[in-house]
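This is the structure I have questions about; it appears just below.
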Amino acid sequence: MAPLRPIFTLALLLWVVLADQESCKDRCTEGFNANRKCQCDELCSYYQSCCADYAAECKPQVTRGDVFTMPEDEYGPYDYIEQTKDNASVHAQPESPTVGQEPTLSPDLQTEGGAEPTHEVPLEPEMETLRPEGEDLQAGTTELGTSASPAEEELCSGKPFDAFTDLKNGSLFAFRGQYCYELDETAVRPGYPKLIQDVWGIEGPIDAAFTRINCQGKTYLFKGSQYWRFEDGILDPDYPRNISEGFSGIPDNVDAAFALPAHSYSGRERVYFFKGDKYWEYQFQQQPSQEECEGSSLSAVFEHFAMLHRDSWEDIFKLLFWGRPSGGARQPQFISRDWHGVPGKVDAAMAGRIYISGLTPSPSAKKQKSRRRSRKRYRSRYGRGRSQNSRRLSRSISRLWFSSEEVSLGPYNYEDYETSWLKPATSEPIQSVYFFSGDKYYRVNLRTQRVDTVNPPYPRSIAQYWLGCPAPGGQ
């Protein structure tokens, strides 16, 4: 019997190891659980925290409702009447934020919780209640009681913009002079422009803005030698701060900025700053953990990016969102050398949504009643309470996520479309970057760093494609 002893011992050790490993069995809908050694929630692929049997037990899939198939400024066939009936203006609702520790910019800049009360800014996109599109405010009025007269700020004037940025709830904001605009899928939302002072608590104009693409989704505004940081519309304690302290190596009075996500939780987020004919690349030291973000609403922009990690695009994400071993700022480079086709000086910049190329559906026999821009905004599937019990989108919510060319496909079961339709061999994620200069803008493919070749060509009119103004010579 002696020879059996080693076999028995080995079997016992194997049992101990297997017992120590947690499983996703019956856990696929429980969400993030800080008390577990491994996770089974929908974001575990990004955080590299999934249990070993996550794929087998939970069968993670990228569905049609998780992706865009067109960039923001393109057009597609669209049944306007049906969309208007089903559509609603959905904005993420804020919770009382519990601010997690911000990624380290430098050792002496840690935010001390409770050091001083936060300055509440009535950031309208985070604070508004749900209402159908047809029930928007009357044009020229605002929820804050401030109305900008056309003499003060003419929407279609062609004046250059100072900044564009997506907020964590997917709302798109544009800044020009003393005013800011919130943009919907085709134009400016009713009630805008509003004074930057009334919405953000900062006197305009500002120089640049960006929103980090991580679970916290904090927004940064830059003006002169200082910057402000907001979470859920509330100014973080001890702000504003000097750019030289928080972003060492980045100059004051920047012209533009945009942020990119890390390729995964082990990677680093990047921000590009532009001033004059040069640009700087800055890399954050670290990003917040999933546990640190549990007390606040999840960034819808980050959620959309993290969902794409379910599929086989790891190598592409590493190529697009690579990171250097060390953080901080790199030496400045010339814009004209690295961003081909972009003017030598830009006024504003913004990272576009990630869309999947090669997924254009077959035309429907259904009559196409209209063509409309496809600037669908991000929609959080978790909603206000971040409930993860429902793993699939309803038909109505799925419609809000689809690009405009998908909405006219006719009747089908929206919940039956899984990864069989999405083949990485024939499609891949595309990250666009928008550069705004004067009254025109350019769309650049991040991977090639070249202006896209499309028809109509770039540069295109900001007023026409982003503000809903008539085309030059139009009515």
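Residue positions begin at 1 at the first shown residue.
Yeah, the Cβs are placed from backbone N, Cα and C, and that goes for glycine too.
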For Cys50, what is the disulfide-bonded cysteine listed in Swiss-Prot, choosing from Cys44, Cys58?
Cys44
Choose the correct range: of 87-123, 124-160, which one does Swiss-Prot annotate as region 'Disordered'? Give that range.
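Feature region 'Disordered' in Swiss-Prot: residues 87-123.
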Between the Cα atoms of Cys28 (disulfide bond) and Cys40 (disulfide bond), find the distance and write it as a whole number of Å.
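Cα-Cα, rounded: 5 Å.
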Out of Asn169, Asn242, which has the highest number of nearby Cβ atoms, where nearby means within 10 Å of its Cβ, if these are the glycosylation sites?
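The residue with the densest Cβ neighbourhood is Asn169.
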Return the count of C-beta atoms lying within 10 angstroms of the C-beta of Cys24 (disulfide bond), excluding that atom itself.
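Taking all protein chains shown, Cys24 (disulfide bond) has 22 Cβ neighbours within 10 Å.
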For Cys40 (disulfide bond), which of the listed recorded positions (Cys24, Cys51, Tyr282) have their CA atom within 10 A of its CA?
Cys24, Cys51
Starting from the Cα of Cys24 (disulfide bond), work out which of the recorded positions (Cys38, Cys50, Cys51, Cys58, Tyr279) are within 10 Å.
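Within 10 Å of Cys24 (disulfide bond): Cys38, Cys50, Cys51, Cys58.
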